[in-house]
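Beneath this line is the structure, given in C-alpha cells, with notes to follow.
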C-alpha cells in the first residue's frame, strides 16, 4: 500500500504563517519583515529626493534674485556718482557757514534706491584697542605731512568715524588758537590716534582768533560750539582742549557723561596733581544739554586766567557736579612755552569770578558776538578764523 507524504504549506493566506520556530513558517515571517522594511526605505528615499528637489528650486531662485540685485547696484551707482562730486579733489569745501556731513557736501537724492547700508553694532563701552600709558615727547620734528600719513582714515576737516561700530555720541573737539602752529602739529600727531582707538565719531575744530588784540579763550570756545553745530547738528558732546596739552593715557576717554567732565586733572606742570578742588582748566567736556544749561562760557574774560573758575561756578550754581577720571589716568604733558603776547593776566578776573551768579544769565552763549572771516577744511582739522572784537577800554591791561 503506497503512502503519500504531503509537504506542509509554506504560507497560509488566511492564518498567516503558523509553524514551529525555524521551520518554513519562520522563513515566511522574515520575508514579510524584509518586505516591509524595504517599503519604508523606498518611501524615505522618495521623500529625501522630493526635499532635495525643493531645496534646489529655492536656492535657484535665491541666487537668481542676488544676481539681479548685483547688477542693479551697478545701474544705481552710475547716477549717484554724478550727483555726489564729493570724491573729486576739486570740490570747494570753504563755505564758512555750511552745514554738511563728513563728506563735505549734503547728500543728493538718487534716482534709484541704492543698496541699504549695513547696520553696524554699537561700539563697546571699553574699546578693545587701548594701550594705556603712553610715552609723550616733543623733541622729534613733526611735519603735518607725516601726521597725515599716520592717519589715513581721517577725512577732510578732521572728521572720523569707526568703520566697524556705531558710537553712542558724536564729539566735537574745540581748540582755542592763535600763533601755535608748532603745538598744533604735536597735538594732531598724538590725539588723532588716541581718538581713533577710543572708537569715537568726532571732528576737530581749531578756532583761530584774528588780529593781535587781547586773547579771549572762553569766547573762542563759545564760537567753536556754535560753528561746529552749523556744520553738523548731530554733535552732542563737546571737548574743549588747550592746544598744548596731550593726554598720557588713552584710557582717559574723550566722552561726555551725566555730569560735566574734567579730563586734565594731573598735569606735569602741577606735579601731576590737581592744583585745587575747583580747578576746571586745560581739557574739559560737556554735553550739548549741559553746555546750554550753564549758558555756555563767559565772553568777558580778556587775557589769561579766570574763565575756567567762572565755568566751575556756573556748573555748581546749576546743581551739577564735576566728574573726573582716576588721577593715574588723567595725566597730561604740557608743551613748554613762554606766555603769549597779548595774553597777559587779566587783572579783573578775581572780581568777575565772585560775580558769576550775577553775570552768567546775561553773559554766555546767548550773547556772544563774532564774525567768521574764513573756514578752511584741512586734511586733519577744520580751521575757523574769527574776529571776536576787542576788550572794553576800561579794563587795565597787565
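Quick reminder: no glycine exception, Cβ is built from N, Cα and C everywhere.
Of all ranges given (85-119, 120-154, 155-189), TrEMBL attaches the label region 'Disordered' to 85-119. Of the listed segments 20-40, 41-61, TrEMBL assigns transmembrane segment to 41-61.
Mean pLDDT for the domain 'Galactosyltransferase N-terminal' (123-256) in the predicted structure: 97.
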